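Copied over from TrEMBL:
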DOMAIN    381-818  domain 'GPI ethanolamine phosphate transferase 2 C-terminal'
TRANSMEM  334-356  transmembrane segment
TRANSMEM  377-400  transmembrane segment
TRANSMEM  493-513  transmembrane segment
TRANSMEM  520-539  transmembrane segment
TRANSMEM  559-579  transmembrane segment
TRANSMEM  615-633  transmembrane segment
TRANSMEM  639-658  transmembrane segment
TRANSMEM  665-683  transmembrane segment
TRANSMEM  711-734  transmembrane segment
TRANSMEM  754-780  transmembrane segment
TRANSMEM  795-823  transmembrane segment
Amino acid sequence: MVSGAIGGFLDVALNFNTQAMLDDNLLDQFFKIGWKMVMLGDETWLKLFPGLFIRHDGVSSFFVKDTVQVDQNVSRHLGHELNKDDWDFLILHYLGLDHVGHIGGRNSALMAPKLSEMDDVVKMIHMSSILNQKNDQGQTLLVVVSDHGMTESGNHGGSSYEETDSLALFIGLNNDISDYSSSTHNIIYQVDIAPTLALLFGVPIPKNNVGVLIAEIFGYLADDQQLKALELNSWQLLRLLQAQMPGLSCRNYLCDGFSDDQESKITKCSGSMGKMFCCLYTNAALLQNSWMSKEFPRSKSREDYSSAVTAYYEFLRTASEWLSRSATDKPVSLLTLGIAAMLLSCLILLSLLFNMCKEVYIREKYLFDLESAMQTWYLDETFVLGVILILIVSMISSSMVEEEQYIWHFVASTLNLLLLRKAIQCPPCGGAQGLHTLSKEQNKISCFRLSSIFVVLVSGRILRGWHQGGVNWTNLPDISKWLEQSGTDNVKSIQLVSCLLLMTLSLYVLFLLGSNKKFVLAIGFSFLMSGLLVLQHVTKHWDGMFASSSYSTTTLVQIIYATLGASTFGTVIALPWLVPFSISEMCSNQDLYMSTSAPNEVQNKSLMAKLRDSLYIVGWTYISCWCILQLLLQQTINSMPILLLLVQIFASMLYFSYSALHHKPWVEVAAFYFLGMAGHFALGNSNSLATIDVAGAFIGISSHSTVLSGILMFMITYASPMLFILSMVMYISVKETSYLPSPFSSDSTQLLKIMLGFPCLVPLGLNSILLTAYTIILLLMRNHLFVWSVFSPKYIYVCTTTVCVYVGVSVVSTTVTYTYLVLGFRRKMQGELSHQQ
């Protein structure tokens, strides 16, 4: 609005750390002619234009929980400023309306009062004497503008009509009142504001401006003045075109153009872009010169005047569109170098994964001949590889990018159906007899497998219908809309029930390991305390639509953060040192896990059991604490989906623990990855920046902090993918281990490598393939119509997903390695003590 230039896409991220604007802009031009300026509101103005304001009072624009003080801080100065006459330019940036949208959406109960408050502000300015006084410097102009609209949920950042529909109202012009109704529905671009204000106030148009002056604003000027304004705007855009196209020169057109018979030289413009720009500009200049040279009164020559105006606008719009597109050009050679580095990284990860497959398949001894083993492909394995191709192909279509949630729900449900089919066909112990001949225990195991995969499918179907995600079909009915329409009390009741069920399931799965152990009881108590604190937070705000930002509420949330953090880190660090290591205790507790296979040597099994014991508890601690945290951070309507994601994890663990070696490990890890991505969209996320929950990023924060808010925003957005990656710690503990090397033997590094191999390499490999493929597609689509509205936001999500995967894998690998080393150290110390005795 102040420079008329097109911002870069990364400005979305740079807004969190705003730097001084170096481009030519209106405020610098006003400052150069001696204007005194005052700013009240968003402190971003102070960061963009330091030292330009004689008075200012800034507030943080990112602390969205504040909907009252952030506007009162502006309005309290307004009456005082309106009575002063020492300023020339007053900026009032109100943030409350935007914050109300982020917290409660367009239909928030706070929306109508806030709009009325803004009406009162405009009325106060309009009724003040400042708009009615005239002096030697002219009349005062009031401009009311909004920088964006909002979706039904109150967010913005996408390209939908609701998000890009904003206001521009000019009050105080000398236009005829009869023209008011005809000029209220015209569409302009935000970049058009800069040249319009510059020409109105007689300052140079910012040199990087690509906007076109707003015709209706200049309706009160004389005809020759309006043409002069169009000429200045055209001249500025022509200079910008020449900077973008160094070989462009219209000198010959201009020198040959002005003659006595000027109208005869008007030509139809075609050819290259450079020639067309020169032709359009020359035609407009010729028509203006022809009108100006008329000897009879110009007011009677309306046709010539209209032709000149039309010619100027044809040049201005054509030049503006071309400059807007060219402003986003990027160096292809540099991008190609980056893609080459991505391809190299992807190939390294895939080669590591392939070598891991070969090594594990040899150890599992499916067949004596490795080549025959590699040629045995089952339907689930083929489907997982086919999914990669499906995802890559879908990235080419802008519509599929916008509605990506359908692909992940299809992939997750189809793979689980294939696993269900395999569970029905294959007996749990690998025998050749059918289900009717299985022993009683085998029937029980088979029932567990079928039931668990059925639970995953049913939970996935409910999650699929919870949010009608994406971009184009968000207006269709879904479970969340139905619940919200039924009343706030119903939503709160579901949140309460979800909290109670989640706590119950967390304690039940933890105590499967044995409730007689002190450390298990201590961890269970920490789960209970954290859950009860979340319940207290939920019930405390039962009657209010929005959580209060009071000191007591913020303190309670911070206590919850501290409790969950202490429980998680305390368990990870202390547990491997607290697991009992007596041989008698270990030998008496050999069947703690859901897996039915057993190692050959009792002592090795006992040592492996200690490692698996620790990873089981630590893994479930990660899962439970993460879910409890999400109950606090997520929107109220998402409490049930969080519970369903936890149910899916537990059911999947049951299924894969009883599956022994029926599935290849990389297929099982891929199934978790697919469920995590499907859950990501089930929580209401999409590939539009408008679905990011900004309000949740300030829960428990008393004042704005870019780092803390950014971390919370990341945790809310990637709740599901991170949850399923963290579950890999528990997955390692419940899986078949008969093919692994003996623990803490001379081949101990092999044990660690094989345990971590698939849980770490499969997510990294899948993500690397998708990241590299989409980067290539984005480079090919750089000139696509929807490159900024569809493909670029998706690329931000792809890159952030990469961060999520690497953080999750780092946590998993660090946890398993630390637990393994501590237990190895304790085993070594115990052996030395035994030798000394």
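Even glycines carry a Cβ here, placed using N, Cα and C.
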Segment-segment contact (the transmembrane segment (639-658); the transmembrane segment (377-400)) at 3 or more Cβ pairs under 8 Å:
no
Contact between the transmembrane segment (334-356) and the transmembrane segment (520-539) is defined here as three or more C-beta pairs under 8 Å separated by at least 6 residues; is that satisfied?
no
Ranked first among 493-513, 559-579, 615-633, 711-734, 754-780 for CB pairs under 8 angstroms with the transmembrane segment (334-356):
754-780
Select the range from 377-400, 493-513, 665-683, 754-780 that forms the most Cβ-Cβ pairs under 8 Å with the transmembrane segment (615-633).
493-513
Within the same chain, where does the transmembrane segment (377-400) have neighbours whose Cβ lies under 8 angstroms from its own Cβ atoms, ignoring anything closer than 6 residues to its ends? I mean 6 or more beyond.
407, 411, 414-415, 418-419, 421-422, 472, 663-664, 666-667, 670, 674, 766, 769-770, 773-774, 777, 781, 784, 786, 790-791, 794
Which residues, given as numbers and ranges, are at least 6 beyond the ends of the transmembrane segment (559-579) yet have a Cβ under 8 Å from it?
519, 523, 526-527, 529-530, 533-534, 537, 610, 613-614, 617-618, 621-622, 625, 628-629, 632, 700, 815, 818-819, 822-823, 826
Who are the chain neighbours of the transmembrane segment (493-513) in space, where the CB to CB distance is under 8 Å and they lie at least 6 residues beyond its ends?
483, 520, 523-524, 527-528, 531, 534-535, 538-539, 592, 613, 616-617, 620, 623-624, 627-628, 631, 636, 639-640, 642-643, 646-647, 650
Using a Cβ cut-off under 8 Å, which residues of the same chain at least 6 positions beyond either end of the transmembrane segment (711-734) come close to it?
593-595, 611-616, 618-620, 622-623, 626-627, 629-630, 633-634, 642, 645, 649, 653, 656-657, 668-669, 672-673, 675-680, 682-683, 685, 692-694, 696-699, 701, 755-756, 759-760, 763, 800-801, 803-805, 807-809, 811-812, 815-816
What mean pLDDT score does the domain 'GPI ethanolamine phosphate transferase 2 C-terminal' (381-818) have in the model?
83
